[in-house]
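Notes to accompany the following structure.
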Amino acid sequence: MELENIVANTVLLKAREGGGGNRKGKSKKWKQMLQFPHISLCEELRQTTEKYYNSLCERQPIGRMLFRQFCETRVELRRCVKFLDTVAEYEVSPDEKRRDCAQELLDKYFSPKSEDHVPELGEEMMGQFTERLEQEQEPCKELFNECTKLIHDYLSVAPFADYLDSMYYNRFLQWKWLERQPVTKNTFRQYRVLGKGGFGEVCACQVRATGKMYACKKLEKKRIKKRKGESMALNEKQILEKVNSRFVVSLAYAYETKDALCLVLTLMNGGDLKFHIYHMGDAGFEENRAVFYSAELACGLEDLHRERIVYRDLKPENILLDDHGHIRISDLGLAVHVPEGETIKGRVGTVGYMAPEVVKNERYTFSPDWWALGCLMYEMIEGQSPFQQRKKKIKREDVERLVRDVEEEYSDKFSEDTKSLCKMLLAKEPSERLGCQGEGATEVKAHHIFRSINFKRLKAGRLKAPFTPDVRKHTVVQSVHCTDVILHNA
């Protein structure tokens, strides 16, 4: 068995590193697999595709790239795109550099004397923004929002109409045709099992046509039927389809075999947070690392809540690290959509992380997620959960009593800031809890413990994580230590 593990790990590592050679993990037949159809085969797509500028040219990555390639063919459009890119850079620039960046923007794109002048902005705006820069001690990130809207409004009319008649839009339709081709198990190479659970297993896989690595979550049909988990499996797929977040695992493909339903997800090579809290030296993290992960989790919960999805199972096992040390929320089997203006009810989650209102079977919206973030922050600092000790058996009803009635204790590992955040997130009454007073994630991100976090840069992936996992070593270690249940829902 040990030899089999070594071989399986070696094969997986080789696949992750591109398999050697020039193809970077792609099949020998990758060009045939990605061969574009003749444009005549895309006429149905041309007729049925909804032609909205924001969707086709901004939200969809391939559409965005092709629209920008189209803009490169005209000087006036190229200037507009350069302006939008420079504003995007300004918005994620460090606070101390923002004034200089704003001045460069004004000089380059607003001044009629500049070769990059964008006349669509209007000459009067130069004076307005120069005056605002002089008046504001620290320019806000949203300084140029009005200008970007103006440029997008311009691009969305005549330039967008011309794009729809161009070869670039034809190429977009050909990509869409390829996207619609059936996905089967033969689309992928399968590698070793990464984890097992109640409904099946998760293994690494690789797209033959591109060489890109993913995690394939296989839900066995017999187990789903036996445990009456059909609605849960469908619910997870539907929720993953809705969410587009840097901080939540993404659903890339979904297909079925004779025996299983398969969800192909973002591959996170750095292991889960539980492993890092308890198996990498002394239990717990330094404060800066715990704060960084909490900031990313707050952004992930914000993205879920924006879609009116309450997660309900935030715990260390479900938080995964990527190669660079950034985290994503995984396993959305217990997540559920909360209709606008309504509340829901359900005693679900994991003992020790369930909020008092969940334990008491009361109605709620998003409050349980902020409670669980408090539990997780506490655990990252203390090295154990606030309401149960690791490796110490305690009855479920005793844990639930502690959650309902007993205040958590704080050791000298907690600074005033971390203690303050935990106490505000672990308020027993949802109405008194941070994140539950009308502003959601905005309240949490405004806590002074996050004063060093530039959330705009964090969301853009511009901040470096405080810890980078050794993914080569971790692959081998996880085969020994990864006993957590990835598919834990019953």
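Even glycines carry a Cβ here, placed using N, Cα and C.
Database features (TrEMBL):
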type	residues	note
ACT_SITE	Asp313	active site, proton acceptor
BINDING	Lys226	ATP binding site
DOMAIN	59-173	domain 'RGS'
DOMAIN	188-450	domain 'Protein kinase'
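Secondary structure from DSSP puts the residue listed as 'ATP binding site' in a helix.
In this structure, the residue listed as 'active site, proton acceptor' belongs to neither helix nor strand by DSSP; it is coil. Taken as a whole, the domain 'Protein kinase' (188-450) shows an average pLDDT of 93 in this prediction.
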